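Student: First the structure, which I've put down as structure tokens, then a few questions once you've had a look.
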């Protein structure tokens, strides 16, 4: 049975709906990125789904289509701010900023996951990137944005292979930390003792 990715957009069809997703909650290095997307119900782009279920090439193509055809915004919270306020609060802050930065004010904000927000417009949907087209589109924009940021940082610190692992705790990344220590972009709040 195929899931209707517009089920939530249809449920709230009388409202301006934005979908939000984040990229970068789990990595050892780099920022967390949240993106918000307001889809145009008269111009549905085919092929949009959870960014993790798409090839890199397909994600790139859809990113270009989404950012060319829909209203969108992105918010980036640095690794240092993550260390100051914790990853959950940093993610929530990024989501709130992404919604606020849209050029149109959403009346309903669909957010992937189970985070709770004080703003009553925010509706958290577990596995939302598999259930809402808006959230799936936002997942693509967030992932591509963060991957590009990590690619840029990788030129400064190639030994951590961020161009390949995006800062996640892969075996090679952990070996690089053991060999070279932490870079200025590593999250100091992460418990590295389990790796080293």
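Glycine too: its Cβ is placed from the backbone N, Cα and C atoms.
Per Swiss-Prot, the feature divalent metal cation binding site maps to 21, 22, 112; the stated evidence is sequence analysis. Here Swiss-Prot flags 15-196 as domain 'RNase H type-2', drawing on sequence analysis.
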Student: When you average the Cβ positions of 21, 22, 112 for the divalent metal cation site, which other residues in that chain have a Cβ within 8 Å of that mean position?
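Tutor: Here the nearby residues are 20, 23, 34, 35, 95, 111, 113, 128, 129, 135, 138, 139, 142.
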Student: Specify the count of other C-beta atoms within 10 Å of the C-beta of residue 21 (divalent metal cation binding site).
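Tutor: I get 30 for this one.
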Student: Long-range neighbours only, meaning 6 or more apart in sequence with Cβ under 8 Å: which ones does residue 22 (divalent metal cation binding site) have?
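Tutor: Non-local contacts for residue 22 (divalent metal cation binding site): 32, 33, 34, 35, 91, 94, 95, 112, 142.
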Student: With every protein chain in view, how many other Cβ atoms are within 10 Å of the Cβ of residue 112 (divalent metal cation binding site)?
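Tutor: For residue 112 (divalent metal cation binding site), the 10 Å Cβ neighbour count is 27.
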Student: What is the average pLDDT across the domain 'RNase H type-2' (15-196)?
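Tutor: Taking every residue of the domain 'RNase H type-2' (15-196) together, the mean pLDDT is 95.
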